[in-house]
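Take a look at the structure below.
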Amino acid sequence: MGGKRDEDDEAYGKPVKYDPSFRGPIKNRSCTDVICCVLFLLFILGYIVVGIVAWVYGDPRQVLYPRNSTGAYCGMGENKDKPYLLYFNIFSCILSTNIISVAENGLQCPTPQTVITSLQQELCPSFLLPSAPALGRCFPWTNVTPPALPGITNGTTIEQGISGLIDSLNARDISVKIFEDFAQSWYWILVALGVALVLSLLFILLLRLVAGPLVLVLILGVLGVLAYAIYYCWEEYRVLRDKGASISQLGFTTNLSAYQSVQETWLAALIVLAVLEAILLLVLIFLRQRIRIAIALLKEASKAVGHMMSTMFYPLVTFVLLLICIAYWAMTALYLATSGQPQYVLWASNVSSPGCENVPINTSCNPMAQPVNSSCPGLMCVFQGYSSTGLVQRSLFNLQIYGVLGLFWTLNWVLALGQCVLAGAFASFYWAFHKPQDIPTFPLFSAFVRTLRYHTGSLAFGALILTLVQIARAILEYIDHKLKGVQNPVARCIMCCFKCCLWCLEKFIKFLNRNAYIMIAIYGKNFCVSAKNAFMLLMRNIVRVVVLDKVTDLLLFFGKLLVVGGVGVLSFFFFSGRIQGLGKDFESPHLNYYWLPIMTSILGAYVIASGFFSVFGMCVDTLFLCFLEDLERNDGSLDRPYYMSKSLLKILDKNNEVPPGNKKRKK
């Protein structure tokens with residue numbers, strides 16, 4: 001051991017012992033958490049079976065295509081050339097209390113529905129209005145005066161109803177304009193995303209040069225902001241004190257904004273900010289050594305990324321896998337929700353009409369047969385929905401729950417795979433004594449194959465634990481949503497406490513899993529052992545953990561702000577036409593909504609920056625754990641040399657012994 005550290009605590013285990021055979025990520029390893037691996041593979045097999053069952057019994061056409069009153073799809077099969085649905089009485093839709101049931105039956109109105117060419121047949125609507133297609137359905141124009149109808153006396157109400165119906169369902173004009181904007185600006189959006197990619201990459205690579213000054217500037221910036229806030233609070237307090245505005249005059253009130261006009265509020269804020277400023281100054285004074293270590297690790301992480309540029313693009317693999325998982329779940333859920341046989345019932349426009357007294361309204365019928373009572377005017381066999389009988393339909397809820405569990409588990413497993421693969425690649429960088437000569441060839445690919453081959457079960461184990469907590473949180477959020485109207489303060493308080501506890505638990509499990517995957521990538525042990533070793537190692541160095549975490553968060557936050565803000569400002573000036581004189585080839589396109597490509601560019605820049613900085617954050621965490629292990633394993637002797645960089649050795653006032661006659665030996 002290279003000296004006793006203040007953080008060492010026997011309660012968190014003994015320091016790692018020296019292992020002469022250890023040279024970085026273990027290559028001769030065996031499969032871990034085999035039972036969980038088998039369970040995960042069986043679950044995936046069952047998930048595939050659920051998808052097959054959903055595909056066999058599901059019918060998503062009911063969501064994608066409108067149906068007429070006989071249940072036939074518009075725009076498909078025999079109605080291929082009849083894509084639009086016409087409502088006999090559109091006002092039945094306007095006046096209906098339940099217009100839309102898209103999730104199960106699509107848009108259903110209590111009126112006969114047919115395709116346009118059916119007007120040439122004997123069944124015709126009582127009136128026609130000029131209309132336009134929207135979502136495969138014909139809706140009348142809002143500037144047309146409708147005829148007088150029984151029970152409807154206000155033409156303005158009808159017009160407002162039609163307008164509201166079209167506004168809620170028909171986004172045709174807006175959609176066309178949005179499509180036109182994207183068609184004209186997609187090239188420049190890609191340019192903006194390219195700028196975001198370059199800025200993110202440059203920020204990370206340049207950290208090896210500017211990490212120290214940048215962290216210093218950010219810390220001084222935080223101190224400056226707090227100092228200005230203290231000054232502002234003092235000025236507000238002084239003015240209100242001179243006016244004599246006191247809380248005793250205001251008394252108790254539920255209007256919180258009223259407390260801004262009393263001196264005690266600003267005095268309390270001043271005291272809190274002053275305490276925070278003092279604490280931050282004391283932390284900077286007493287923890288300056290650890291801040292220097294954190295900066296050195298950030299520089300080392302920048303070097304690691306520079307030597308393994310392929311790691312910066314691994315988030316694309318993760319993104320594709322996540323997209324596959326989400327798409328599979330969405331399609332499975334859609335097919336499951338649309339499973340069942342179509343059901344038809346008798347319907348009449350006016351059941352009180354002569355001849356309709358004995359008609360069994362709302363009973364099942366056959367749309368291909370003639371109505372049982374042709375003397376009842378307007379009697380039709382209309383499509384109602386899909387049956388809920390049958391094995392698949394009775395198990396629909398359970399299958400959907402299985403799908404949700406599959407979604408969470410697969411998503412968390414994909415994220416775990418990315419973390420473990422990156423950890424394996426960056427660990428191989430740290431434990432290469434002579435850099436870059438000793439760095440393995442294709443470290444990222446080797447880590448990927450090694451992780452899939454040996455540690456699928458361990459990743460599934462950690463992902464399952466996190467999945468159960470997330471599902472518990474989702475259930476709690478659902479219950480809380482249902483209890484929104486409950487005014488019981490005790491129940492609200494208990495619910496809030498449960499939500500807070502589960503949120504904290506999820507954050508802790510994510511932190512523990514992340515470090516467990518790093519240890520798995522290095523040593524190849526099972527999840528529980530790796531999680532325990534990582535937790536103990538971090539607890540023995542808890543102060544360094546906190547300092548590094550906060551310095552890294554501050555730096556990456558500034559990096560995201562720089563990338564997203566820079567792209568946002570450039571996009572705004574370009575797409576709004578404020579940048580002139582760039583030449584004809586670089587003129588900003590004429591857009592209907594110039595904010596649309598701006599928001600798209602900002603969102604894309606944030607996604608790109610988050611992907612790049614997540615890799616960098618994983619690199620910092622991996623190198624940090626390796627650094628702590630290096631301190632405990634080695635002492636700088638010829639047999640046990642340190643693997644850390646010269647800058648870290650200098651900060652820690654340590655060095656490696658140099659063999660006689662080899663004064664130029666590295667480290």
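Cβ atoms here come from the backbone N, Cα and C positions, even for glycine.
Taken from TrEMBL as is:
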TRANSMEM  34-57  transmembrane segment
TRANSMEM  186-207  transmembrane segment
TRANSMEM  214-234  transmembrane segment
TRANSMEM  266-287  transmembrane segment
TRANSMEM  313-337  transmembrane segment
TRANSMEM  413-433  transmembrane segment
TRANSMEM  454-476  transmembrane segment
TRANSMEM  516-539  transmembrane segment
TRANSMEM  551-575  transmembrane segment
TRANSMEM  595-628  transmembrane segment
Pairs 6 or more apart in sequence, C-beta under 8 angstroms, 3 or more of them: is that satisfied by the transmembrane segment (413-433) and the transmembrane segment (516-539)?
yes
Within the same chain, where does the transmembrane segment (266-287) have neighbours whose Cβ lies under 8 angstroms from its own Cβ atoms, ignoring anything closer than 6 residues to its ends? I mean 6 or more beyond.
219, 222-223, 226-227, 229-230, 233-234, 236-237, 240, 543, 547
With a Cβ cut-off under 8 Å, give me the same-chain residues at least six positions beyond the ends of the transmembrane segment (34-57) that come close to it.
328, 331-333, 335-336, 339-340, 390, 392, 399, 402-403, 406, 409-410, 413, 456-458, 460-461, 464, 527
Per Cβ pairs under 8 Å, the stretch of 313-337, 551-575, 595-628 packing most closely against the transmembrane segment (516-539):
595-628
Leading contact stretch, 186-207, 214-234, 313-337, 454-476 vs the transmembrane segment (551-575) - CB distance under 8 Å:
186-207
